[in-house]
Each structure stands twice: as structure tokens, then as C-alpha cells.
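One structure below.
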Amino acid sequence: MMTQAQTYFYDGSDVALLNGQYTDVFSLLGMHSINEGKALVVRCFLRNAQKVDVISLKDGRKVASLERVNEAGLFAGTLGRRVKPFLYALRVVYPLCELDIIDPYQFGSLLDSQDLYLFGEGSSEQAYRFLGANWRQVDSVEGVHFCVWAPNAKRVSVVGDFNHWDDTRHVMRQHMANGLWEIFLPDVAEGTHYKFDLVYQNGERHAKSDPMATQMECAPHNASIVPKKHQHPWADTQWMHKRATTAWHRAAMSIYEVQLGSWRRKGEFGEQYFDYQDLIEQLIPYVKEQGFTHIELMPVSEYPFDGSWGYQPVGLYAPTHRFGDANGLKAFIDACHQAEIGVLLDWVAAHFPKDPHGLVRFDGTCLYEHEDPRKGTHPDWDTLIYNYDRGEVRSFLLSNACYWLREFHLDGLRLDAVSSMLYLDYSREPGQWLPNAYGGRENLEAIHFLQMLNQRLYQAFPGICMIAEESTAFAGVTKPTDSGGLGFGFKWNMGWMNDSLSYLGRDPIYRQYHHNQLTFSLMYAYSEQFMLSISHDEVVHGKGSLLHKIPGDDWQKFATLKAYYGFMWGHPGKKLLFMGSEFAQRDEWNHNHSLDWHLLAFEPHQGVQRWLRDLNQLYRQFPALSVLDYESQGFRWLDCDNGRDSIFSFVRYGEGSDVPLVFVVNMTPTLHQGFRIGLPQGGDFCEYLNSDSHLYGGSNQGNAGKVIAEDLPWQGMASSALITVPPLGCLILGPATDAPRDTSL
């Protein structure tokens, strides 16, 4: 015979609930009207509870005691003559304690229909505001709203410290139309660990990290963490206003690429990472002193495998625990901005790893990735490729980009491995890939996503920089989207990098036969808005450091590297240099160790560091070195054909009254005296920089800081001069004038 309490459950619903098979729990648990609205019933499921009372949150008074339905923890009861729903808590007596628990099943859905539409359409820019774990206040009750996308799951629960990881305690509300699951939990503290427990259609259970978590545990653990309520108070208003009106393609951009875990370390044996406060105190002043305009951070999204350097992230929204929390990262970026240093972030949207707690087969199906491995797996890295054709996946990625730019005030994103996104046959043999709808090899869905991403980000965040690492000849990477381009602001010049490093590694006696390796880039320099990048990829995996690539004795190595940097800073295009290269690190980069800062005790390394600092200062002072980077009138060869001497000479021009600068770069150890060079005007010329100066550890061959032009036409110029060209050196000359303005932000 059924008890009165048992009649409050539908036929078999109590059994299904206990077995974890009743998915529509909100229709059963919580407060509901019965008897055609003439009474209220409260049902709850609390394992190990001995007694449960209903308490009014308004006045704290007891309203009713619930009856035990069974020993498993089901309780139910009517609330006397009350017929209007009210906010309540459950006073639960356990064997060892008594707790007041605000029942989460009394709250309705907190999802907005417009948010749901945009998320499904693929155009949501703020999906992190309703997905994941977000602090909310509902009817004066504060708590955390949990929400996850898992359309093919049979059941989803949120489990964590707050419910002893019991998957039956907080089963979530399912939205059949869009595949979202949600629940609002008042009794959750910041810093609480949690996961989503999913039951697949085949009955398997899997605990997954929150794809939208903004904080995660240290590896090898992988729980998500409820974020802090307090957010960093920003103080970078002046920077943000100036950034919004800056045309970066005309400004000086000298970027210092940093891997935070190995720039510098602390501890007796260098075993401890710097935290963000350490980086504020040491990295920012260093970058400022060296004259770089920006820091580019290698990925800081949470990643379990140190050896991936962050390029295989599992927590795309969670700053890695290694250096501090989200507020610490925000404080670092804020401090950079106050020091007038921009911050860019490497962002990985091309693929994701197969870690079982991550996105892989998230709800038992290929949700974020393609089902067919010919489109869904990356053969080079054994990772998975996002399904850009799915609206929810596009929203996940678009919202993530917006999250970093909006919440962290980042000044731009550098997209990793764009080439692998653009081509369906990337690193695949015939028969291992599927053509697009037109039979071609282009990944049309990825192309559409990149166009949409760049268009929306540039509209939403004025003054940002979107940068593509793209190594093929794909046309229009930096062309506007309305002209059919991808819409990036800049593209890494991988061709220049490969050619110039190949040239750098040749013995000087043979460089004359490969002269075009340094001149060829000017044949296509204006086809895209290129950025000259010497990144981390060029100093790892047995490639050696830049210094190690160069033949000859130590003097030749250091002299050649300085001359190479001079050529790079004079070449059209923005600049990027990986950390350690600015002082000629001898060993290739090792992510497990700090840079070899002890090398700065030696004069040759000090000389390279001073040279880079002075190059950056000159670069920022003279508009001719940046304002016409992407217009052909900003550059003119004086002599690009002197392969016999391996000497390169050219002029950089600005606009109007901007001072032109003449570069002469000698890539052999031969001293040239009485070497005639054309000059853009008459009068006195200043030898602004000479890489062979004793200030930089050179042999001090040069022109004593001054050159006088003669009225003798040469190399297409009306004037010329006889100069001394130092061995393996770079000269930068310009008309004697007052110091021009700083062209950086």
C-alpha cells in the first residue's frame, strides 16, 4: 500500500530518479502546484538525510515538514493552505550535522531566447556569459548558474565539492531544442571544484571539464573551478582610448615574443615559475628598457602537457594555473598598458587535443570535431579539428576570442596554424581527405569562420591587431573581407624568414651565390601586410639558436647577427623577435629552463642587447621605418645586385617632411673603404647607428658619426658619398636633423 508521500510522485518516477534515469527532474523535484492549483507540493532527493523541513526565506519560519518516501533519500509533502509559490530553503538533518539548503529546483530557466538563437546560429560573441559557471542573483538569492552544451547526452549533472561528487544530486534542466543543460545552485562558494557528469546514449558515464571554465585545476588533475566574484579594477583607460584610434599598419610595432614559463624562473634551482607579480616587476621594465612596443604571449589557456607550450589547450577560457589566476593576468596586462606596452596573445583555433576530460566526443558524439577522421583529425599533431560548419562551435570559438579581448583588454590575437585551417588536404596524402562541395581543397567552412571572426572582432574592438601565422601562398590573408580576403591585419612573412635564415647559415664566401635570398622578399612585400617574425619555432627541435646557425668564429657570429637584425629592422614590415634572441642566446630554447641570463656578464652578448635596444629606439623615432610599410613608395633599393660584395643598400621613406634613412648592410667580413653610395639629398648625413661600433662590441670601423654628401649622382640619386662600410656590419644614415617624433602608440 502506498504512503501519502509516495502519491506525490508519478508512476515509477521515484525509481527512475533513484536510478539516475529520470532526466526531466525539474518537472518532478522542487515546488509544484497540484490539485488544479489548490495546493503546493515540495519534492526533494537528499541522500542520507534523516529529516527535512521547508523554511521560508522571507521570514525564516518553518512552513512544513516533508515525509520520507523511502530510505534512499526521497522526501515530499504539501504545504498546508499555501497555494502561491515562494522562495524556500530545506532544513536538512544529517547524522552528524544540520544544514539549510536553498533548493535549486525551485528556480526557473535563466537562459535568454536571444542568447540561445545567436549561439545556435554561430554568431554569439558572449556565450561565456551564460555557458559555464557564472555568478547570478535570482530573486535576491546569489548563486552560480551552471550551463553546458551537450545535445546528445541522455543526462547531465553538475558534480563537485558541494555535493560530494554525487551525480544524482544536481541533475540539470534539459533544453531539447538547443541541447543546453542548466541549473542554478545557491550553495556554492568561489574556488569550488566541479565537473559535468554526462550519461551517454549507450549508458556510459563520463566526467568532463567545463568547456567554458574560467579556471581549472593543476595537471594532472582536471576539475573546473568556480571563479572569483571580485574582478580586477582596470586602470588602463588612457591606453584603450589611444589604441582605438591607432592605425597599426602605419605605426611602429616591435614585438617581443614570450613564453612566460621560461623567460625567467626563481627558486634555488630555477624550478619555480614566475607569477604575474614577478612578471610585472621584472618583465615589463625589461621590455620597456629594450624599446619593444608589444609583448606577444605564447598561449596562456590551460593546457595539461608542458611540452605543448600551450598549443594544445584543454581549457580555452581558463588562464593556466602556472602563473596565477585570471585577476593576476589582468593585473599584468593592465600594468603593461600603463607602461605603454601592448599585449598580444597566441590563440589556438585550428585544433584541440584528445585528452578524455576535454572536448573529444564530449556528449558521446563528435560534437566539437568532425565525425569523419578525414576532416576531423590532424595527422601532424594527432589532435582533432573543429567542425567550423556547426554554429555552436563557431560561437564557442568566436566568444572565446571576444572573451580574451573584452575581459582581459588584450590588444590582438595571433592565430596559430592558419594554413592547416585553410586546406582540407593539409599534411594529407591522396585519399586521406575529402574535397569541398565544389571539388576543391579549400576548407570553405574554416575560411568563412575566419572572415566572420576578423570582421566581428575589428568592429567590436577598435585598434586591435589580428595576426595570421600562414605559411602558404593563399591569396588575400590581409585583404578586407568585403574584397574576398580573410580580413587579418597582418600575416607572418614565413617566406622571408625561411630565406633569410637560410642565407644567414651560409659561409660568407658563398653568400654571393645566394644574394637573392635577401632580396626576393621585396618582390612580394606589398602583396600582404607582412610581419617579419623570428619566432620560437626557429630556435627549437634541433634547429639551434640564431647565433648557432651562423658559421665562423665568435666575432663573426655576433657581427653577422647584428647586421642581420639591422637588415630586418630596415626591411618593410612589422617586427617580432623571440625572447633570448635579443642578447644572442647560445643554446636553443628549452621550455623547462630559464633563458641564459648569465650570458649578459659577457660583452658580446651585452653588445647585441644594446644594438637591439638602439634599433628599437631608432625604429620608434623615425616614421620612415613604419608609416609606409605597406606602400611601395616607402622603400627603394640603392643596390640590390651587389652579390659580389654581399652588400645590400636601400632607402626607407616616410611622408612629407619625414626624414629618409639609408641602410647599408655588409654580409661578408671584408672592410670596404671609399665605397660610394647614393643619397636621397645633399648636405650632412648623420651615421645614426653602426653595428660595428665599440658600443656593440665591434671593431669600430665606420664614418666617425658623419657623412658629407657630394653633388654626384649615383644609384639613381642626385647625391652620393664615399663611405667606410664595416665588415659584417650595418650602417644607418640619415640627414642631420632634430630627433623626430615617436611613431609607436
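Positions of Cβ are set from backbone N, Cα and C atoms, glycine also.
Pulled from Swiss-Prot, these are the features on record:
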ACT_SITE  Asp416  active site, nucleophile
ACT_SITE  Glu469  active site, proton donor
Between Asp416 (active site, nucleophile) and the residue listed as 'active site, proton donor', the C-alpha gap once rounded to whole angstrom: 6
Cβ atoms near Glu469 (active site, proton donor) (within 10 Å, other residues, all chains): 20
Number of other Cβ atoms within 10 Å of the Cβ of Asp416 (active site, nucleophile) across all protein chains: 19
